[in-house]
Amino acid sequence: MASGCKIGPSILNSDLANLGAECLRMLDSGADYLHLDVMDGHFVPNITFGHPVVESLRKQLGQDPFFDMHMMVSKPEQWVKPMAVAGANQYAFHLEATENPGALIKDIRENGMKVGLAIKPGTSVEYLAPWANQIDMALVMTVEPGFGGQKFMEDMMPKVHWLRTQFPSLDIEVDGGVGPDTVHKCAEAGANMIVSGSAIMRSEDPRSVINLLRNVCSEAAQKRSLDR
């Protein structure tokens with residue numbers, strides 16, 4: 001079985017001038033992991049941060065928090081070792097960004113990280129299937145990657161459902177426009193890792209939002225297990 005339902009705030013939506021404090025606020029509010037978006041200005045139009053920031057956060061936050069790296073970069077092979085050294089726990093690269101996923105998966109594992117494989121909305125989920133048994137997590141984008149605050153794309157849910165049906169033990173993450181109004185659709189489709197940005201980061205009570213998201217996700221997972 002996939003691991004239990006986990007909620008990962010997207011720190012790109014935080015006050016970046018106080019990034020360490022914002023991460024601590026999320027962890028203190030019950031976040032299961034931190035989702036860190038790395039953008040290079042090539043694979044996506046925007047630019048965020050790289051491994052020096054990850055290294056600084058690891059030093060400030062200690063070894064316990066789980067860093068889920070979403071690598072929206074055109075050369076994901078280039079950043080595996082730097083991210084591993086910086087303290088990343090999971091390295092999710094885009095299928096669209098490499099011609100040799102197998103070698104990249106091997107490199108990530110050899111550098112001591114878990115492997116995530118992401119697909120954009122326009123990429124058919126079947127292209128991910130040959131690699132599903134070699135990875136720890138599949139990331140289904142529910143917005144076009146590159147910018148925060150976009151509208152959730154409900155028509156991505158069949159991808160999640162297909163993955164859950166075909167690969168019951170796979171962690172499936174959704175990212176983009178996910179919050180209290182949309183999480184039930186993700187959970188019912190089979191997602192068990194929920195990335196949420198502004199819905200958590202901009203809430204006056206992030207703990208209550210995290211708990212709500214987790215409860216909806218857990219209830220859907222329990223229902224799926226009963227329906228088998």
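Glycine is treated like the rest: Cβ placed from N, Cα and C.
Here is what Swiss-Prot says about this protein:
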{"type": "ACT_SITE", "residues": "Asp37", "note": "active site, proton acceptor"}
{"type": "ACT_SITE", "residues": "Asp175", "note": "active site, proton donor"}
{"type": "BINDING", "residues": "Ser10, His70, Gly146, Phe147, Gly148, Gly149, Asp175, Gly176, Gly177, Gly197, Ser198", "note": "substrate binding site"}
{"type": "BINDING", "residues": "His35, Asp37, His70, Asp175", "note": "divalent metal cation binding site"}
{"type": "MOD_RES", "residues": "Ala2", "note": "N-acetylalanine"}
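Take the mean position of the Cβ atoms of His35, Asp37, His70, Asp175, the recorded divalent metal cation site; other residues of that chain with a Cβ within 8 Å of it are Gly8, Ser10, Leu12, Leu36, Asp68, Ala92, Leu139, Val195. Relative to the residue listed as 'active site, proton acceptor', the binding-site residues with Cα atoms inside 10 Å are Gly146, the candidates having been Gly146, Gly177, Ser198. Candidates Ser10, Gly146, Gly177, Ser198 (binding-site residues) were compared with His35 (divalent metal cation binding site); those inside 10 Å Cα-Cα are Ser10.
The C-beta environment of Gly146 (substrate binding site), restricted to residues of the same chain at least 6 apart in sequence and closer than 8 Å, consists of Met39, Val44, Pro45, Asn46, Met72. Taking CA atoms as the reference points, Gly177 (substrate binding site) and His70 (divalent metal cation binding site) are 16 Å apart. The two recorded residues Ser198 (substrate binding site) and the residue listed as 'active site, proton donor' have their Cα atoms spaced 12 Å from each other. Secondary structure at Gly177 (substrate binding site), taken from DSSP and collapsed to helix, strand or coil, is coil. Cα of Asp175 (active site, proton donor) to Cα of His70 (divalent metal cation binding site): a distance of 10 Å.
For the binding-site residues Ser10, Ser198, counting C-beta atoms within 10 A of each C-beta gives the highest total at Ser10.
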